[in-house]
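*Asks:* Okay, so Swiss-Prot annotates it like this:
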type	residues	note
ACT_SITE	353	active site, proton acceptor
BINDING	180, 316, 317, 318, 319, 320	substrate binding site
BINDING	352, 356, 375	Zn(2+) binding site
SITE	438	site 'Transition state stabilizer'
C-alpha cells in the first residue's frame, strides 16, 4: 500500500491543488506524498498498550458475505454466514468489530440445531465483540450467522462513501472500501488479523444502474426480489485471503481493458468520461504482470485484475486481491496534458501494487511486525519492474534520491527506530507505515539483491513463494 503523508509535504499540497508538480518536485517529494508520514517522514513510535490477539478456539473456513449499501442514507445492511471450525469447546466467539451494530447472531454445529447468541459484549477500545451462547459449542465445524448494520462513513476507512461529480455536474456518492491495516472490522464482523485466512463468497445488492466490483469476477446478476430498482451481484469465491485484502466498490465508472500476453484480463476503471486517461495504466499493468510472472516463476493465480480510480481515497493505492484501488492522481494520465514524470510516477505505483499480488497477497506476512518485508520489497521491485518495462525512464536514478538518500537522512535522527518494530494493539499499526519501513526496507532489499546476484535472488524468491503460497510467513522464513 502507498500511503499519504499525515503532515502534508509540499508535493502533496500541490497535488491537492491540481495537476502533478513539476519533475524536480516529484523526484524529491513523491515518496513522502504516498505514505502516511509525519513532518519529517518518520513516524513516532506509539506508547505500547495492553493487547491480546484473537483466541484460536474458533476460526473461519469460508465467509459468505452479502452487503446492501444505501447511497442516499449512507448506511448498509449485511449478512455474514461463516463456515467455522471450533478447535476447542467454548461458549463464546470473539471477533473483531468496530462501528457496527449486530442485530442477531447464531451458531449451528454441523448436523445439529441452531444456537442463538444471548449477548453481544463490545470491547470498543480493542475493536472486538464477544458473542455469548447459552450452551457450549463443541469441537467440529458449523455455521456462524450474523445480521448487522453499519454506516457508510466519511472517514475513508472501512466501508465508506466517496463523493464525485458526474459530467452533468451532479454530486453523487460511491461506496468503496479501504481495509488495510485493520478496518475490515468496520464493514463486517470478522477475524481481522493477517494470519487468519479464509475464502470469501461476496454478494452486493446495488442500484441496477451502478457498477459493482469485488475481488473476483461476477458469476450472477439478478433482480432483487424486494425492489425492482436493485440487483444482486454475486462474485466467484476468492482464494484463501486475509481480511485486509477483501474489497468491493459500488459506483459509476467507465473502463478500458486488454489482455496481458499470459492471458490475464486487465481492466482499468475510471470516472465516467475519462476512460482515455486509464490507457497508460492499462499499458503498464499489461506489461507488469508478465514481468512478475517470469521473475518469480510463479503465474498470477487469478483470471483477471482490476485497477480503479477512487475520488476520495486516503492511501496512494491499495493492493486488494484482484481489485487494486488508487487515488485518481496515482492512476489516471491525461495524454494531452501530462509530463514524463507523471507517467513515471503512475508506472511506479502500478508496479508497486501489482508486486503485492505475489509478495503480500499470495504469501502474507504473519503479523504487522514484518511490514518492512512486505512494503520494503514492493518499494524495491517496483523500480526493477519499471526499469524493465520502460528502460527509457532511467528510473534507478530516482531510487537514489527518493528512497536511498531519504532513508539515510531519517535513520540518522535520534528518534529513528529499528527496521522491524514489534506491533500489538491496532492503534499502533499505522505508526509503522513510514519511510523506515518503506525506503530503508527497499534499500536493504536492494543491497541484498546486489550482494547475492540476480540469478540466485530470483531462485530464492521462487522457493519462498512456492513454499508459502496461500499461507503466512514471518521474516525468518525469508
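Glycine residues also receive a Cβ, built from the backbone N, Cα and C atoms like all the rest.
Given the structure is predicted, the values throughout are model-derived calculations rather than measurements.
For the listed features, I'd like the structural context: burial, neighbours, distances.
*Replies:* The number of other Cβ atoms within 10 Å of the Cβ belonging to residue 353 (active site, proton acceptor), over all protein chains shown, comes to 29.
Packing around residue 317 (substrate binding site) is summarised by its Cβ count: 25 other Cβ atoms lie within 10 angstroms of its Cβ, all protein chains included.
Residue 375 (Zn(2+) binding site) carries a helical DSSP state (H, G or I). Annotation for residue 375 (Zn(2+) binding site): spatial neighbours 1, 433, 437, 438, 441, criterion Cβ-Cβ under 8 Å with sequence separation of six or more.
Within 10 Å of the C-beta of residue 438 (site 'Transition state stabilizer') we count 32 further C-beta atoms, all protein chains included.
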*Asks:* State which of the following binding-site residues has the fewest other Cβ atoms within 10 Å around its Cβ: 352, 356.
*Replies:* 356
*Asks:* I'd like the number of other C-beta atoms within 10 A of the C-beta of residue 316 (substrate binding site), please.
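*Replies:* Other Cβ atoms found within 10 Å: 27.
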*Asks:* Could you check which of the recorded positions 352, 353, 356 is the closest Cα neighbour of residue 318 (substrate binding site)?
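*Replies:* Of the recorded positions 352, 353, 356, 353 has its Cα closest to that of residue 318 (substrate binding site).
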*Asks:* So for residue 319 (substrate binding site), how many other CB atoms are inside 10 Å of its CB?
*Replies:* 26
*Asks:* Where the distance is taken from Cα to Cα, which of the binding-site residues 180, 316, 317, 319 turns out closest to residue 353 (active site, proton acceptor)?
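*Replies:* Comparing Cα positions, the candidate nearest residue 353 (active site, proton acceptor) turns out to be 319.
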*Asks:* Where among the binding-site residues 180, 320 do you find the Cβ with the fewest other Cβ atoms within 10 Å?
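*Replies:* If we count Cβ atoms within 10 Å for the binding-site residues 180, 320, the smallest count is at 180.
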*Asks:* On the three-state reduction of DSSP, what should I expect for residue 180 (substrate binding site)?
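*Replies:* The three-state answer is coil.
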*Asks:* Give the number of CB atoms, excluding that of residue 318 (substrate binding site) itself, located within 10 Å of its CB.
*Replies:* 25
